[in-house]
Amino acid sequence: MLHRPIGLAALTVLTLVVLAALVSLVWTPYDPMAASPRLWDAPGPDHWFGTDQIGRDIFSRVLVGSRVAVQVAVLSALLAAVVGLVFGALSTLTTRWVREPVAVVVDVLIAFPTLLIAMMLAATFGGSLTVVVVAVGIGYGVGASRVLRSEFRVVAGADYVLAAEAAGLTRTRILARHILPNIAPAFIVQLSLTMALSQLAEAGLSYLGYGAPTSVVSWGRMLAEMQDHVTTRPLAAFWPGAAIAVTVLALNLLGDALREATDPTLGTSRSSRRRGSESAGSLGLGA
């Protein structure tokens, strides 16, 4: 993956986001919640990204908002991983009496959009980042379970798994030693995509008032606070929006790079196309 420029660029961007989150734990130019008389200051030496409608430093708020982005991405991905693996394994590696009810549960949960799940949880427990994490983890974890289910089926039918069963290995040992390592590539790709979707979900839910509370600085909350000033102060809304867009793009590109690096069929088809184009060029058949 590191030999692919796009994958390396995506990894670099995400590393910078994580570093920003770590730096914000010990240092920010200004208190991100402190108001000042300098309303709507343009970007300059004192305030690199300018100030907002009550004089808060936007750069400090973007820096602190990266913490929420990292927290939501990691926790949502971990929860989605557990949900996806459990449902994927139960719907493939168990008896029909377990598979069929699990399939029904998955179909029911997929019918509920992540936004609706978050709104239901927020109505019950109040809007918070926990609601965002749980909603994203369940919503996208169930969707990932369908992808992982097909991977489980392919690997479970492989000769080496059948040989392990014939040798008398327990189901748990086979799962740990033979099945999980071989579905890891698809699993990792799903995690990166879940992280990307979690950023959009957090921004959307915070914008609607179901995500981060007003006491928490997040990129989605910053956009929500700027909605009445987008036409008059577009630059103030640009910074959190750009942070979300760049992070989501980097996560998506990282997922693509991981899929290309771990799926041999993609590399084979790409090599075949390259050889075909080179052959066509040598024969004078190119455009």
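Yeah, the Cβs are placed from backbone N, Cα and C, and that goes for glycine too.
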- Task: Could you check which of 156-178, 179-201 is flagged in TrEMBL as transmembrane segment?
- Result: 179-201
- Task: Find the member of 102-123, 129-148, 179-201, 236-255 that has more C-beta pairs under 8 Å to the transmembrane segment (68-90) than any other listed stretch.
- Result: 129-148
